[in-house]
Amino acid sequence: MEFAELIKTPRVDGVVLHRPFMPTVEGTLCLTGHHLILSSRQDNTEELWLLHANIDSIEKRFVGSLGTIIVKCKDLRVIQLDIPGMEECLNIASSIEALSTLDSVSLMYPFFYRPLFEVIEDGWQLFVPEEAFKDLESMTDEWRLSEVNKDFSVCPSYPSLLTVPKDIDDESLCKAASFRHGGRFPVLSYYHKKNGMVMMRAAQPLTGTNGRRCKEDEKLINATLCAGKRGYIIDTRTIAVAQQAKARGGGFEQEANYPQWRRIHKAIERSNVLQESLIKLVESCNDQSHSMDRWLSKLEASNWQSNVKEILTTACLAAQCIDREGASVLVHGTEGTDSTLQVTSLAQIILDPSCRTIRGFEALIEREWLQAGHPFQQRCAQSAYSNGKPRSEAPVFLLFLDCVWQILRQFPCSFQFNENFLIMLFEHTYASQFSTFLGNSVAERVKLLLSQKTVSLWSWVNRPQELERFLNPLYEPNNLVIWPSVAPQSLQLWEGVFLRWNRSTKCLDEAYQEMVHIIEYNKELQNKVNSLRRQLAQLETEDSPLQTP
Amino acid sequence: MEHIRMPKVENVRLVDRSSSRRIKVGTLYLTATHTIFVGKGSEDRCELWVLHSLVCNVVKHKASQSGYPLLIHCKNFQVMQFIISQESDCHNVYISLSRLSRPEKYEELYCFSFNPNVDKAEREHSWDFLDLKAEYSRMGLPNKLWHVTPINREYRVCDTYPADLFVPQSVTLPVIIGSSKFRSRGRFPTLSYYCKENHATICRSSQPLSGFSARCLEDEQMLQAIMKSNPGSRFMYVVDTRPKLNAMANRAAGKGYENEDNYCNIKFQFIGIENIHVMRNSQQKLIEVSALRSPSMGEFLMGLENSDWLRHIKSIMEAGIFISKAVAEEGVNVLVHCSDGWDRTAQVCSVASVLLDPYYRTLKGLMVLIEKDWVSFGHKFSHRCGHLDGEAKEVSPVIDQFLDCLWQLMEQFPCYFEYNEKFLINIHNHIYSCHYGNFICNSQKERKDLCIKEKTHSIWPHLWENKLDFMNPLFKPDQSQNQGLLRPRTAPYCFKYWRRLYNRFDRELHPRQSELDCLMTVKEETQQLEEDLALCEQKLAVLDKERAKTLYMQKGVLESKQALWSLPLDTSLANTPQDYIGGFIGGAPNLCLFGDKPKSSDADNSDQESGVADFSSHSSGEESLPSEDSVKDPDSDETGPNRA
C-alpha cells in the first residue's frame with residue numbers, strides 16, 4: 001500500500017503533546033495512512049486522533065536532540081508535539097507533510113472509513129431534487145424539472161436536474177447557458193409561497209465589451225415575472241468590478257436588454273480576498289500578547305466582520321425585495337458559485353422557516369451549496385494557516401456559517417439547531433471521515449461513486465444520539481420572516497470558531513448545561529402535572545356516577 | 001415653573017433615529033420635572049417621558065424643510081430628535097430645557113418633589129433597607145483585629161469619609177489624626193474589605209503628601225499597624241492606581257506616593273489607570289461611535305479602538321484582579337489609593353471585592369457594595385454625574401466603568417451572578433436620574449446636611465421589590481459560593497462593547513429574541529408548575545384517602561403544553577426589515593428602489609404602502625415592550641412621574 005512508503009517512522013515513544021487548556025500528555029505517537037494518533041496507553045487520559053487531512057501546516061523546531069512539531073489544523077487548533085530524537089522528528093514531520101497534502105481524492109479517508117454505526121437512513125437518498133420539486137409542484141405549476149444537463153455537458157457545475165420556467169424549452173436553456181459564465185444559466189433557487197415571488201441564481205452574462213445579448217436568456221428570466229411586474233437583479237459585485245469583467249468576456253445585464261429588471265450592485269469580496277481576510281483574522285485571534293489597540297485594529301484590518309456584514313446585508317436585501325417589494329430576484333456574481341450562493345442561501349434562512357430546522361438546513365446546504373456546485377474541495381483545500389500562495393482556497397462557506405450564526409444570535413429561539421451544529425459543519429467541510437464535501441460538483445461526485453463507496457455526513461448526523469448535541473433547547477417554530485440587524489453594533493466575532501482554542505469554555509459550557517436543565521426540568525414538570533391532572537379527572541369521572549344515584 | 005417659557009407645543013415631530021422615515025407627530029409638553037411627548041392619532045399613539053435631570057445637553061440644529069430640529073442627548077444614552085415647526089417655539093423649548101436640565105440648587109432635583117404614595121414611616125424605613133453595620137459584621141467585623149473608630153463621627157477629621165470607619169485595634173487616635181494630616185483631604189487609610197478566611201484586607205486612602213522627601217511617622221505607623229493586623233503576612237502591598245508619571249507629577253505639588261524606604265515591609269505598585277478627564281473624553285468618543293447611524297464595520301471598530309474605552313476597562317479589571325489575587329492567594333493586605341481616593345480607588349476596590357466575594361454577585365450584595373465603596377466613601381456623585389449646573393471638568397463616567405467591568409465579568413461567568421444586565425442598566429439609569437436620593441451630593445456629610453433621608457426616597461427597596469426582573473436565570477448559587485475567587489481572562493478580545501447600555505434605546509440593534517427573557521419566562525412557568533404539582537398531589541392524596549365526591553378539579557391554565565417563552569418575542573420588530581439598501585445608489589434612506597423614476601406607477605405605490613405598513617406595525621408592537629424602554633409607557637419607576 002502506498003501510504004507505507006510515506007511513513008518512515010510509524011511510531012515514536014515518549015512524545016509529549018501540548019494542547020491549549022488541557023494537561024500535557026506523554027505517550028506513543030503513531031502515524032497511519034490517515035491519522036496521527038497519540039496515546040498514553042492509560043485508561044483515563046484522552047487520546048489524540050487527528051486526521052492528516054485536518055492538518056493545514058506544520059513547523060519544526062529543534063533544541064538539542066529534542067524536536068518539536070507545531071501542528072496547525074484546519075479547524076484552527078494549534079497543537080505541539082515534543083519528539084525525542086532528531087531523526088524521528090524529521091521523519092514524522094515529512095510524513096505528516098506528505099500525508100496531509102495528498103492530491104488524489106480517492107486516497108482520502110472517506111474511501112477507507114467504515115462506519116461503526118448502522119446506517120439507518122442513507123444520507124445520499126435524503127435530499128434528491130425530485131423530492132424538492134414535488135414540494136414546489138404542490139404550490140405552483142409554472143416550473144418544470146429539466147434534464148437538459150443530465151450528462152453534465154451543458155453546465156459541468158450544475159446537477160443533472162434543474163428547475164426552470166415551464167415555458168422555456170431545453171433548446172433555449174442551452175442557448176442561455178452559452179451566454180452565461182460556466183454555462184450557469186438562470187435556475188430557480190427559491191419559491192416564496194407567501195406571494196409566489198421567486199429567487200433565481202446564475203453566473204454573470206457573457207456580454208463582453210461589445211455588449212452581446214442573448215434573446216433566450218432574456219426570455220428565460222422574463223418568464224419568471226408576472227405580467228406588469230418588475231424584478232431585481234442583484235449583482236454581488238460592485239459596478240466597477242462588474243465593468244472590469246467585461247474585458248474578460250463577462251459583464252452584466254444591460255438595462256436596454258432587460259427593461260423589466262432593475263439591477264443592484266453590492267460589494268461582496270471575491271474569494272481570494274476572503275482567504276486573506278481569514279488568515280489575518282486568525283492571526284490576530286492567536287496573538288495573545290497584543291494590547292487592546294492592536295487587537296481592535298487588527299480585527300478591523302482583517303475585514304472579516306465587514307465581509308460578514310456585506311454578505312448579510314445583500315442577503316437581507318434579496319429577501320426584502322421578495323417579501324416586502326413583492327418582486328422576483330435574480331442573484332449572480334461572476335461564476336455564480338460563491339457569493340451568489342451565500343446570498344441565495346441566507347435569504348432563504350431569513351424568509352423560510354423550514355430552513356431553520358435541522359433537516360431543512362441540511363436540505364438547504366445540499367440544494368444551494370452541494371448541488372449548486374460550490375467547489376468545496378478547492379475552497380477548503382487549505383485553511384487559515386496555509387503557507388503557500390492561495391490557489392483557489394477561500395472561506396466562502398465558513399462566512400456563510402458565520403452569517404447564520406449571527407442570525408441565530410439575534411433569533412435564539414427560531415432555530416432548531418444550535419451553534420455546535422454550525423461548528424460541526426465547518427469542521428467537516430475541511431476534514432472528515434464522510435465524503436459529503438468531497439469534490440467540486442455533482443458531476444465529480446457521481447464520477448467518484450461517492451454514494452456507493454463512502455458514507456454521507458447526513459447518515460451520521462441524523463442519528464438521534466448524534467442529533468441531541470445539535471438541538472437548540474430554546475427552539476420554538478417561528479413562522480415569520482426574520483429580519484436581522486446588520487449594524488456593526490449588532491454583529492459579533494464568532495468566538496465559537498475563532499477563539500475556540502484560545503479560551504476555556506468551562507463557564508460557557510456550564511451556562512449551556514444550565515439552560516438545558518432549566519428547560520428540561522420545565523418539560524418534566526409539565527408532564528408530571530398533566531399526568532396527575534388526567535389521573536384526577538379520571539378519579540372524578542369514576543366517582544361522579546355515585547354522585548347521581 | 002418660572003423657567004418654562006413654553007409649556008406646550010403642538011405638531012411636533014419625533015424622529016426615529018434608526019430610520020428617518022419613522023416619524024411620529026404629537027404634542028410636546030414641558031413640566032417642572034419632565035419633557036413629555038404625546039403622539040396623536042390612534043395608530044402611533046405613544047407617550048415619551050424624559051426627566052429633565054437625565055438630559056445631558058440640548059442642541060438646536062440647522063433648520064430643515066420640515067422645521068427646526070432639536071436634539072436632546074440624555075445621560076442614559078437616549079437621544080431624541082424633535083422637529084418643531086416654528087422657530088420661536090423651538091427656541092423657547094431650547095431655552096427652557098437648557099435651564100431645566102441644569103438645576104442650580106439641590107432642591108430643584110426631582111427626588112425632592114418625587115412623592116410616591118407611601119407614608120413617612122415607610123419612607124424612613126426605605127432608608128434602613130441597607131445597613132452597612134450589618135455588612136461589616138457579615139465580613140466578621142469588628143473583631144480582635146479591627147474596630148470602629150469614633151474619630152470621624154462629626155466628620156471633623158475627614159469630611160468626605162463616612163462617620164464609621166474601621167481601623168486596626170492597635171492604632172491610637174493621634175496616629176489616625178497624624179496620618180490623616182499627611183493624606184490628601186484627610187483621607188487616611190481605612191478598611192474597605194475584610195476576608196474572614198485569611199484575615200487579609202483591602203484598605204483605601206488618598207495619596208500621601210510626601211512631595212519629594214516629606215515623611216510622616218504616624219502614617220508609617222498606620223501602615224505598619226495595617227500590615228500587622230494580618231497575622232499571616234510579613235508585608236503588604238501599596239497599590240497606586242495612577243500611571244507612574246501622574247503620581248510623580250503630583251510630587252511637585254507636595255503630594256505623591258509612598259517611598260518604600262520609609263515604610264516597613266511594603267511592596268509598592270503602580271497600576272496605571274488614567275484620570276477622570278481621560279475617561280470623560282474616552283466615553284464621549286465611545287458615545288459618538290455608538291450613536292453613528294449605519295456606520296461601516298471599519299468606522300465602528302476604528303471608532304471603538306480610538307475611544308480607548310475598552311483599554312481603560314481592561315486596566316481597571318486588571319487592577320481588581322491584582323488586588324483580589326493578593327488577598328485570596330497570597331493572603332496579603334493591600335492599601336489602594338489614587339489621588340483623592342474616591343474615583344479609581346472606588347472602582348478598583350469594588351471590582352476586587354466582586355472577584356473575591358460571591359456575596360457581591362447577589363442583588364443585595366451589589367447594592368451593599370455600591371452603598372459602601374461608592375456612596376459612603378464619598379464618590380462625588382453630584383460632580384461626576386453632573387447633577388447640578390457646574391464644572392464640566394468634574395464630570396466623569398467613573399461608576400459607568402465599574403458597571404461595565406461587572407458586565408464584562410457577567411459575560412465571562414454567566415452562572416455566577418444572581419443579577420442580570422437589566423439590573424446594572426437600571427442602577428445606571430437611577431444614578432443619573434436623581435429620582436431617588438441615594439446618589440445625590442458628594443459625601444455622607446453633605447447628604448446629612450441636606451436631610452436627604454428625611455426629604456427623599458431610597459432606590460434600593462424599590463429595586464428589591466422588582467427583583468424578579470433582575471434575576472439571572474442561569475445563576476447557580478451553590479456553585480458561586482464554592483467558586484470563591486473569580487479569575488477572569490484579560491486578553492483584549494475578552495472585552496466587549498456593551499451594546500445593551502450604550503445603544504439601550506436603539507431597539508433595532510438588539511437581538512430580536514432575548515435568551516434572557518425566554519429563560520426567565522420558563523423559570524416563572526416552572527415555579528407555577530411546581531405549585532400546580534403540589535396542588536395536584538394534595539388533591540390526589542385527598543381523593544385517594546376519602547374518595548371525596550365533592551372535590552372539583554380546578555381547570556388549570558397550563559393544561560396543555562404551550563411554549564410561553566415564545567410569547568414575549570418582539571415579533572413586530574422581527575418582522576420589520578431595516579435599511580439594507582444603505583450604500584446603494586447614493587444611499588437613499590427610503591427603500592424606494594425605483595426612486596430615480598418618481599413617476600413610475602404601481603411599484604412606487606407599493607413601496608409606500610409597505611413603508612406605511614411597517615411603520616404601523618412598529619408602533620403597535622410597542623404595546624408589548626418591557627417597561628425598560630421609555631417609548632410608550634416609561635413606567636413610573638423609570639422616567640415617569642408619580643401617578644399615584
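Glycine is no exception: its Cβ is also placed from the backbone N, Cα and C atoms.
Annotation source TrEMBL lists domain 'Myotubularin phosphatase' at B:126-502. Feature annotation from TrEMBL assigns substrate binding site to B:Asn275, B:Ile276, B:Cys338, B:Ser339, B:Asp340, B:Gly341, B:Trp342, B:Asp343, B:Arg344. According to TrEMBL, the domain 'Tyrosine specific protein phosphatases' annotation covers B:307-351. Taken from TrEMBL, the feature active site, phosphocysteine intermediate applies to B:Cys338. Summarising the annotation, TrEMBL assigns coiled coil to B:519-546. Annotation source TrEMBL lists region 'Disordered' at B:597-644. Look at TrEMBL and you will find B:616-628 tagged as compositional bias 'Low complexity'.
What TrEMBL annotates, mapped onto the structure for a quick look.
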| residue | record | CB count, 10 Å |
| --- | --- | --- |
| B:Asn275 | substrate binding site | 15 |
| B:Cys338 | substrate binding site | 27 |
| B:Asp340 | substrate binding site | 20 |
| B:Trp342 | substrate binding site | 26 |
| B:Arg344 | substrate binding site | 28 |
Secondary structure content, the domain 'Tyrosine specific protein phosphatases' (B:307-351) (per DSSP, counts of residues): 31 helix, 5 strand, 9 coil
Across the domain 'Myotubularin phosphatase' (B:126-502), average pLDDT on the 0 to 100 scale: 95
Intrachain neighbours beyond the domain 'Tyrosine specific protein phosphatases' (B:307-351), with Cβ under 8 angstroms and 6 or more residues off its ends: 160, 184-185, 187, 189, 192-193, 195, 198-207, 223, 226-227, 229-230, 232-233, 235-242, 246, 250, 255, 266, 269, 271-276, 278-279, 282-283, 285-286, 288-289, 360, 369-370, 373-374, 377-380, 384, 396, 398-399, 401-402, 404-406, 408-409, 484-488, 490, 492, 495-497
Maximal Cα-Cα distance (Å) across residues annotated as binding substrate, namely B:Asn275, B:Ile276, B:Cys338, B:Ser339, B:Asp340, B:Gly341, B:Trp342, B:Asp343, B:Arg344: 12
Chain-mates of B:Asn275, B:Ile276, B:Cys338, B:Ser339, B:Asp340, B:Gly341, B:Trp342, B:Asp343, B:Arg344 with C-beta within 8 Å of site centroid, substrate: B:Ser206, B:Thr241, B:Arg242, B:Thr345, B:Val398
